[in-house]
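K.L.:
I have a structure here, written as structure tokens, and I will follow up with some questions on it.
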Amino acid sequence: MAQVLHVPAPFPGTPGPASPPAFPAKDPDPPYSVETPYGYRLDLDFLKYVDDIEKGHTLRRVAVQRRPRLSSLPRGPGSWWTSTESLCSNASGDSRHSAYSYCGRGFYPQYGALETRGGFNPRVERTLLDARRRLEDQAATPTGLGSLTPSAAGSTASLVGVGLPPPTPRSSGLSTPVPPSAGHLAHVREQMAGALRKLRQLEEQVKLIPVLQVKLSVLQEEKRQLTVQLKSQKFLGHPTAGRGRSELCLDLPDPPEDPVALETRSVGTWVRERDLGMPDGEAALAAKVAVLETQLKKALQELQAAQARQADPQPQAWPPPDSPVRVDTVRVVEGPREVEVVASTAAGAPAQRAQSLEPYGTGLRALAMPGRPESPPVFRSQEVVETMCPVPAAATSNVHMVKKISITERSCDGAAGLPEVPAESSSSPPGSEVASLTQPEKSTGRVPTQEPTHREPTRQAASQESEEAGGTGGPPAGVRSIMKRKEEVADPTAHRRSLQFVGVNGGYESSSEDSSTAENISDNDSTENEAPEPRERVPSVAEAPQLRPAGTAAAKTSRQECQLSRESQHIPTAEGASGSNTEEEIRMELSPDLISACLALEKYLDNPNALTERELKVAYTTVLQEWLRLACRSDAHPELVRRHLVTFRAMSARLLDYVVNIADSNGNTALHYSVSHANFPVVQQLLDSGVCKVDKQNRAGYSPIMLTALATLKTQDDIETVLQLFRLGNINAKASQAGQTALMLAVSHGRVDVVKALLACEADVNVQDDDGSTALMCACEHGHKEIAGLLLAVPSCDISLTDRDGSTALMVALDAGQSEIASMLYSRMNIKCSFAPMSDDESPTSSSAEE
């Protein structure tokens, strides 16, 4: 912006211009400017320009040249300076220049305006042009120029002294005005912006002064309180601190002076290592105490058993009984090159268990009384026999009763039943039937045959048997072991059986094999009536403990194996040479682990807080494994399942409901497994319990009713069981995966018998799955003509239903190339059209007339 050069008034005695007559004291102010009370003259255009800037109107205005108003403004030396005076107040953006911009009434210069470089501004340019024009007008009157030159030079020197640029020479400045530089204006703006920022910072700091004063007072108060507290602590705790420091100083020289201290530290380290080995927590101590108590009980039981064996009780004669005596005898008789085992105890004598005479078991030694005569030929059967027979009074002391010796037999070819072989034994007690404790796999049938009398004992077991048959004295004893049949590849021409004796150490010591001819196999084929599928591999007796929590001793494992084999044995009736009638009985005994687990679950069902999480988990796992092992195998025996159900019901009805519907990790219950194995006798027992949930779906989304579509119905009893299952459940329920019903699954797998049973139970044939398919569409797609006929025979069958693709059953049959089924559907459609009611316009007479 342009800066105005202020020329001071001439001092007294110096030549100066005369007072211009153009400024009378009482003349009116020119209308283009206004005079302030302090003697300033402000241009009205400038005031309007400032007002526009404040209002935001910064549009460039067109410069209009005004002609000088000669009538209102007097022509004089100072008349041209009027417009230039307006720049005095706002001529510079720098506050330092305002101190030298004095525009007094009597200090107006007549000429020589000082111009400085600044930014381009139309208002300033117009003012400068006006001033130059006025100077040109007065250039013709050279009055007073000589007197003004020194003063002008002095003013210029003064401006240079204060830092202002020198004035433009008269010869060139007015003719060619120089606009202000942009750099100077930018510098001024930066200074103003910096000053404003600093001012704002100072204002903010001033506002923070009261807050800082409050904080300072708070800190001073806290400092005072902490000082008082520190003084009190020093006063109270100084003696203790002094003693602590003195004790520390006394302890430092002890280790190097006394070597005994090092030994003391080593002893302390040994104690800490011992402590680290101890269990932490009351739970660990309780568990250890429980283990020790269990071991103590086992040791006491073994001690009592040893004392009982050492005792030599004398046989006593008992008075003759009033009624017939019931005699149970167990005997295992194998074919050629097999071992004959007889185990019994005298009536009234303490129970005698077969004990190990050697470090490793080599067989079962016969427990027989001395002086026994040879028994007549007997028959071998897969059953435990309980026979009612009279016993003479003289032979009362020789009556024997069976004790718990379990032997498990597994067939290598999965046949329904093994041939029954009669045999003669020199060590069999008189008046008793001999049977073998074996475990059949498929059938309850039996075929008694004559067993050859030739025997070839094996290893030490044969010699021990011969010694017992000879009537050696002393308390009888034998090897506690489990007879296990090892699976072998089935031979199409011969049936081989392999027996292995498993000692308490779990090792196999001796084995025996026998072979039977092809005729025996043909006999077995006649007894196969319940095995719908190939036999699955079932864990043997020796492998059974792997499904249960492992024991702490090998003896416990052996006892558990014996109990498991007793629970699962399935034995048909035996026939003696005398032809006496016998009654069938299946021995069932719950293991102690299963009993304790059932009792624990019963407590939990009555009170959910009665058991801890660990106890509940152990009980649940035990019951689940035992129940699934018992009822979920393909060869599960229905009578054994029924007796377990009776036992569970006797304990608690809620326990029965819980056990029957217990599911494994895949959501399958015993009913799921029994139906999938087509073991419908077990299914019948489960349904008779009254608590079986027949609509329970597994994780795959299938219920037992749906799984019936995969089973094969062989007998009429199976069909009756399936019908009972269908009546108890919802036969129209959909699977969670594809929305298929039991009828759709049976149709897809081509189970005609199951389809008939479902239709007999009024299954809905028009139910659609997630894809919109019906059972009739499934039959058309898979080409089951017979099933399609059964479905079309249902009056409610709708053949006009469409799936998601808009296809009907007829279209599906045509796409699948099933022309016969398509013709059946077409005939059904024509029959429906012929029986449909016709109007008068569609009568046969009218149609024939049209033709």
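In case you wondered, yes, glycine gets a Cβ from its N, Cα and C as well.
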K.L.:
With Swiss-Prot as the source, identify the stretch among 27-78, 79-130, 183-234 annotated coiled coil.
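P.N.:
The range carrying the coiled coil annotation in Swiss-Prot is 183-234.
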K.L.:
Which is it, of 1-30, 331-360, 361-390, that Swiss-Prot names as region 'Disordered'?
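P.N.:
It is 1-30 that Swiss-Prot annotates as region 'Disordered'.
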K.L.:
Can you tell me which of these residues Swiss-Prot lists as phosphothreonine: T156, T329, T808?
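P.N.:
The phosphothreonine feature in Swiss-Prot corresponds to T329.
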K.L.:
Where does the phosphothreonine label fall among T552, T712, T721, going by Swiss-Prot?
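P.N.:
Out of T552, T712, T721, Swiss-Prot attaches the phosphothreonine annotation to T552.
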K.L.:
May I ask for the residues of the chain that lie six or more residues beyond the repeat 'ANK 4' (771-801) and have a Cβ under 8 Å from a Cβ within it?
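P.N.:
Counting only partners 6 or more residues beyond its ends, the repeat 'ANK 4' (771-801) has Cβ contacts under 8 Å with 738-739, 741, 743-744, 747-748, 750, 752, 755-756, 759, 765, 807-810, 812-813, 816, 818, 820-822, 824-825, 828-829.
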K.L.:
How does the model score the region 'Interaction with AIFM1' (1-72) in terms of mean pLDDT?
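P.N.:
Mean pLDDT for the region 'Interaction with AIFM1' (1-72): 56.
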K.L.:
In the repeat 'ANK 2' (700-733), how many residues does DSSP put in helix, strand and coil?
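P.N.:
Helix, strand and coil residues of the repeat 'ANK 2' (700-733) number 20 helix, 0 strand, 14 coil.
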